[in-house]
Structures are given as C-alpha cells and as structure tokens.
C-alpha cells in the first residue's frame, strides 16, 4: 500500500483528519500538471495577443502570408515583450520559492508529506484565481507575476514535486526506485499531453477564460485529495516548528557532512547534472510557444496545442523506453542515450522553418526524459531514509535555480538573436547537454558501483 495514516501528534489539524482511503501521490502530480499545462501556453498566447492589441499589431497569422512578416518591427516588439514578461514571472516565482521550497521540503521529513502537498495545492489554486481575474477583468499583466509569487510562497509545483518524490522514496525498494521515479514523471507527461490537446482546441472555440476555470476546478479537487485522501508515507510524523534554521541546516549537511552511505562528490556532481538538464528543458519550453507563434512557422492555437502535446509525450515514451532498456543496460547508459536524443532534438529545432521539421524535432525527444528519473533515483539512494525530504527539497531548489537560469538565458538570448539566427538558443541548449553527459559517464567510471543506501522493503 502506498501510504499510511498520519500518527497522533502531528502539528496541524488536517494531519489528524481521517483519510477517506490511503491514496497514492500520483493523482496529485497528474492533476497539478494538467492544470499548469492548461494554463502555461494559454498565458503565453494571452500575453502575445494582449501586447498585439496594445501595440496595434494586426499581422495575419495565416501561414501562407507568414514569410512577409519576418521583418515587421511590431511583431519583434510583441515577441520581446512576451519573452520579457515570461522572464519576470519566473524570476518572481524563483525569488520567493528559493527559500520556501527548501524550508517546506526539509520540514516534511518530520511532520509528513501531506502538509506540504496541501500547502502547494493551495498555492497553485491561488495562482489560478489570480490568472482568472487578469483574463476576465483585463487587469495589468503584472498581476501574473503576483500570482506566481503567491504560489511560490506556499511551496509551488517544485514543493509539490519534492514531497511527491520523497513520498515515492519512502515506500519504494532500492531495486524499483528508478522506475517509480519515472512513473511519477510519466504522470506529468500524460497530464501535459491531454491538457495541451484540450487547451488548443478550447481556446479556438471559446477563448481564454474557460480553460482557466477548468484549471481552477481541478486544483480544488487536488487540494481536497491531498487533505483527505493521500496516505501519509512518513512512518512517524512529529510536531515541529516550521520557522527554524534547522530545516535549512539539514539540507546543507547533505553536501558538507561526510557519512558512510553517501559520497559528497556524487551528490554535488549529480545535482549539477540535473541542474543543467532542467535548465535546457525549461529554457527550451519557455521559448517554444513563442518560436512557433512567430514567423516563419506562425502556428495557430490548434497547432500550438499539438506541439505542446508532442512536447509532453516523451514523459510517457521515456517511461516505456526506460523499462525496456533496463533489461539490457545499466541506468547510467540509459541516461546517456536519453541525452543523445535530447541533443538531436534541440539541433533540429534550431533549423526548423516548416511545421514537419518541428514535429521531427519533437519526435527525436522520445527518450529525452529518461535522464532525470535516473539521476533522482541515484541521489535518493545516496542519503538515508530520514533525509529524503531534505534531499528532494534541495533538488527542488536546484530546479528553481535552473528554471530561473533558463528564463534568464533563453528569454534574453532569444530576442537578442532574432536578427541573425532565431534558433540559436536551441543550439546553445544542445551544447550545454554535453556537460551532464560527461558528468554521468565520469561518475560511472570513477565509481561504477557506489554503496548506495539500502532502504527496507515497503510492506
């Protein structure tokens, strides 16, 4: 069974509330990412059309006339504004989440995973409410930044992922952990694919508001599930203060205090590897919608939806590929294969000027996401059972920093390179991916069979 009911003595009343059933964590991740992906491309398109209206840009979106718009200065200004406001939203979320995600993740090692899951669910719900107000009332787009910051204050999606991965580590065996991590990431992908397909068609039919209302409804269901249906996986939750430096010190100890079961070098270098992988992933994701909206592709909302769905399919295909490749290859070499396909996909995106070539790039990414579950599993096995929350909150911090770097690098380079090579950020991403490929290979050669921490089998 995935979870266990919280014990008496938990610090908050909802911890002591009886659960309706001992549910797994995967539905929470599915609902959260469905809601986020439903909102993400729509927010980018809303910003694009909002700035187009304000600047008086009326360029046709029909592909047959698209080539004539490539030199339009108004279109370039719309692209630049959209890119910059995407950056502002990500910076706002990072600056708040850097402190809170790490604090809450380490806190969950003592009080249990459920409090963090509930708080993160409420934060995502609050962000959706703010987005609805912006779209319905045509408020200043700066309120998107406010909603993002409020979400980060309660843990954000990174906090939810930290608690979710720690929950999986709590109950998985050493042998099954890599696949369980990949299964959790597959929930992200399936949700993203379905939300992308729905969002593109729905936008064409009914505009921006209704998809945001659906996201709000899903997040309400998610918050209720976290509070009353998720089965706690920490064996003995205990009451503890939230506002104490002890939680942050527990994260620092992971990397600076020697222990028999872990190598500080492996922890640091695997963290660097996942940092680079996440930076490239989210950097490319940040500019892909904008890249597809503008010349020479000029995709409409329907094609944007198909592209976003294709972007999330690797979560599922990577899960299947990981399961098959594990029969004949070590996890390390599965990760290397994933990085190779990721590099190929980035290179194709860089030179894609027609729709079939863009979808070829998406197709080459079918194994691109086997790398992150492998690294997460290796990190999880390097620390003790009581440090999983601290570890994954550290990984959440790495993710937040990577997302900020991704926004800063890709959203700054993209408008700066429009005049000489629009796809240059994708080439940069392909080059950066050689760093984790080298790190993972070197760590395997230096210590091919590290003494990972062995957890007891879950009942």
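Placement of Cβ uses the backbone N, Cα and C atoms for every residue, glycine included.
In the three-state DSSP classification, residue 298 (disulfide bond) falls within coil. For 66-298, the entry in Swiss-Prot reads disulfide bond, with the evidence type similarity to another entry.
The feature N-acetylmethionine is assigned by Swiss-Prot to 1.
For 6 (among others), the entry in Swiss-Prot reads phosphoserine.
Feature annotation from Swiss-Prot assigns phosphoserine to 458 (among others).
For 45-82 (among others), the entry in Swiss-Prot reads topological domain 'Extracellular', with the evidence type similarity to another entry.
Beyond the ends of the topological domain 'Extracellular' (136-140), by six or more residues, the same chain brings 209 to within a C-beta distance below 8 angstroms of the stretch. The topological domain 'Extracellular' annotation in Swiss-Prot covers 136-140 (among others).
Taken from Swiss-Prot, the feature topological domain 'Extracellular' applies to 204-208 (among others).
Per Swiss-Prot, topological domain 'Extracellular' is recorded for 290-302 (among others), and the stated evidence type is similarity to another entry.
Swiss-Prot lists 352-355 (among others) with the feature topological domain 'Extracellular'. Long-range contacts of the topological domain 'Extracellular' (352-355) within its own chain (CB-CB distance under 8 A, at least 6 residues past either end) are made by residues 63, 296-297, 299, 303, 361, 423.
Below 8 angstroms of C-beta separation, residues 76, 79-80, 83-84, 291, 350 of the same chain, each at least six residues beyond the ends of the topological domain 'Extracellular' (415-422), sit close to that stretch. Residues annotated as topological domain 'Extracellular' in Swiss-Prot: 415-422 (among others).
The transmembrane segment annotation in Swiss-Prot covers 26-44 (among others) and is backed by similarity to another entry.
If you look at the transmembrane segment (83-108), the same-chain residues 6 or more away from its ends with a CB under 8 A from one of its CBs are 44, 47, 115-116, 119-120, 141-142, 144-146, 148-149, 151-156, 158-159, 162-163, 166, 234, 240, 242, 247-248, 250-251, 286-287, 290, 389-390, 392-394, 396-397, 400-401, 403-404, 406-408, 411-412, 414-415. The transmembrane segment annotation in Swiss-Prot covers 83-108 (among others).
According to Swiss-Prot, the transmembrane segment annotation covers 113-135 (among others). Within the same chain, residues 6, 10-12, 14-15, 25, 28, 32, 35-36, 39, 43, 46, 104-105, 107, 141, 143-144, 146-148, 150-157, 159-160, 162-164, 166-167, 170, 208-209, 212-213, 215-216, 219-220, 222-223, 226-227, 230, 232-234, 389 sit at least 6 positions outside the transmembrane segment (113-135) and bring their C-beta atoms closer than 8 Å to a C-beta of that stretch.
For 141-154 (among others), the entry in Swiss-Prot reads transmembrane segment. Here the transmembrane segment (141-154) has long-range neighbours at 43, 47, 50, 85, 88-90, 92-97, 100-101, 119-120, 122-124, 126-131, 133-134, meaning same-chain residues at least 6 beyond its ends whose C-beta is under 8 angstroms from one of its own.
As annotated by Swiss-Prot, transmembrane segment applies to 178-203 (among others), with the evidence given as similarity to another entry. Sequence-distant neighbours of the transmembrane segment (178-203) (same chain, 6+ residues past either end, Cβ-Cβ under 8 Å): 25-27, 29-38, 41-42, 45, 164-165, 168, 172, 210-211, 301-309, 311-316, 318-319, 322-323, 326, 331, 369-370, 372-374, 376-377, 380.
Sequence-distant contacts of the transmembrane segment (209-227) (same chain, six or more residues past either end, CB-CB distance under 8 Å): 14, 17, 23, 27-28, 31-32, 34-36, 38-39, 42, 114, 117-118, 121-122, 124-125, 128-129, 131-132, 135-136, 198-199, 202-203. Residues or ranges marked as transmembrane segment in Swiss-Prot (evidence: similarity to another entry): 209-227 (among others).
Sequence-distant contacts of the transmembrane segment (356-376) (same chain, at least 6 residues past either end, Cβ-Cβ under 8 Å): 165, 178-179, 181-182, 184-185, 189, 270, 273-274, 277-278, 292, 297, 307, 310-311, 313-315, 317-318, 321-322, 325, 331-332, 334-335, 337-339, 341-342, 344-346, 348-349, 392, 395, 436, 440. Among 26-44, 267-289, 303-325, 389-414, 423-441, 423-441 has the largest number of CB pairs under 8 A with the transmembrane segment (332-351). Beyond its flanks by at least six residues, the transmembrane segment (423-441) meets 269-270, 272-274, 276-277, 279-280, 283-284, 287, 291, 332, 335-336, 339-340, 342-343, 346-347, 349-352, 371, 375, 409-410, 413-414, 417 of its own chain at Cβ-Cβ distances under 8 Å. Residues 82, 86, 117, 120-121, 124, 128, 131, 144, 157, 160-161, 164, 183-184, 187-188, 190-192, 194-196, 198-200, 203, 208, 211-212, 214-216, 218-219, 221-222, 225-226, 230, 289-290, 293, 304-305, 308, 312 of the same chain lie 6 or more positions beyond the ends of the transmembrane segment (26-44) yet place their CB under 8 Å from a CB of it. The 10 Å shell around the Cβ of residue 298 (disulfide bond) contains 22 further Cβ atoms across the protein chains shown.
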